[in-house]
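The compositional bias 'Low complexity' annotation in TrEMBL covers 76-94. The compositional bias 'Polar residues' annotation in TrEMBL covers 326-342. Taken from TrEMBL, the feature compositional bias 'Basic and acidic residues' covers 344-357. Feature annotation from TrEMBL assigns region 'Disordered' to 1-95, 325-362. Among the features that TrEMBL reports, repeat 'WD' is placed at 185-218, 227-259.
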Amino acid sequence: MSSEHQSDSEDADESQDRPGSTGKKEDPVGRPTQSEVEEDAPQRVCASPPGSSSEDQPEGSAGSSPPRLEDEEPRSSPGAAPQAASGGSSSSEGYKGNSLFSWLQSRTIRRGLFVDPARDNFRTMTSLYCSMNPAVESVNLSSQTHGAVFNLEYSPDGSVLTVACEQTEVLLFDPISSKHIKTLTEAHEDCVNNIRFLDNRLFATCSDDTTIALWDLRKLSSKVCSLHGHASWVKNIEYDTNTRLLVTSGFDGNVITWDTNRFTEDGCPHKKFFHTRYLMRMRLTPDCSKMLISTSSGYLLILHDLDLTQSLEVGSYRMLRARRTPLSSDGGTSASRSTVTPRQGHDSKLHPHREGLSPRNSLEVLTPEIPGEKDRGNCITSLQLHPKGWATLIRCSSNMDDQEWTCVYEFQEGAPTRPLVSPRCSLRLTHYIEEANVGRGYIKELCFSPDGRLICSPYGYGVRLLAFDERCSELADSLPVQTSCLREIRSIYSHSDVVLTTKFSPTHCQLASGCLSGRVALYQPKF
């Protein structure tokens, strides 16, 4: 079958699935087809291009022929009726075109009565999420051997679940059967903090021993290599899939890039990309166009138009060199900007063209609004990105450590409306919820589901599944006019100690959580 015939048959099948469709082929750019026009103006035939005949035209081309010009004279078939009045025909034709275009636009932007069926499956997703329960066979770890579970990470294909433990070990499990695969007994010399897969076989781990280790699932008997460059605890690992640069951050305030294209047994080339005090977490957006950095002093730093090949410094910003003082009662606004003036004569905290900086790396410094925390400082302990890059998710605690909040901030794209003296504010608080203030001093890592509809947050001795609305809609379909509370879909208590970390499987409807006493629980739908 030729490609033209195959394309025609596929289009015909798609048209039958559309609401109100009669199986007729529709023009891909929103114009009515010839058969539709014939219904309004009987026996009307569009003129063919000069020098062409019906035999020369490929089959199915009538639906995509160019519109007839006003001065063209239509050809009539034998017995054809006179052409309808041009006014009524064009009116009907324009109405059909606009109607079809509106329908396609509504379907594309997920609005209106008829949306893409893949997007309009909230009933199925809500049913799945509400039926999540602890699996019959969960992974039980002895706290005497492994210590607390600090991080969980699935391989991209969902075939391996890795566990970062307090007592220098990394464990690997089959998440489907819950069977133990391997224990890396001395993965590091201190507690393991974070795990990141680079692909389906290669992954990296970081530790309080200030090192990063690369591992290959095909040969777990030894490390691929160890990376040395940080001066303090390494807490976070990211990976830029565009440049194949590994990016790590630590409590030394450094963000370091590692060129994995040239790694050897002795390590790989690296350089310091960024430095700021009180650094807690660093994340890259899914398209690696932005870097977000949270600090224990309550600041959120955003590097726009990210270029990891350049090195940046923020030493001239006085507000990043000292802890933030609590905001006054009348000074708290959504993602408010500090009024501290940078040194060296700079008139804005957003300096894409500052000397020594790449024009692509424009820095934005925000103090996100935290509900109930307008009069006090806060510490942003956990930072995550929406899988589609639509929003950022943070968990923060007050400086007094007596309150915890989970907040969602939507990215507001677009160029600044005013000059650089009034830089853009890229985040808007859309949803929030107060968390159980249990396990003070420990960082609780929350996560998005792979489709971005759900948030799993550690909640005391269990986990809490949160959604943007009661239908588990996507964020783009449930953005409130004013800030609103996240909806609790389900709370599951399956641990005997404080839950510290959670993670969704990227390929299966499964969730994992790890707690302070060393137990990992798996959750899946139960009907």
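Yeah, the Cβs are placed from backbone N, Cα and C, and that goes for glycine too.
When Cβ-Cβ distances below 8 Å are used as the criterion, the repeat 'WD' (185-218) is approached by residues 147, 150-157, 159-160, 162, 164-170, 172, 224-228, 230-239, 246, 248, 250, 258, 260, 263 of the same chain, each at least six residues removed from its ends. Per-class residue totals from DSSP over the repeat 'WD' (185-218), listed helix then strand then coil: 0 helix, 18 strand, 16 coil.
Summarised by DSSP class, the composition of the repeat 'WD' (227-259) is 0 helix, 21 strand, 12 coil.
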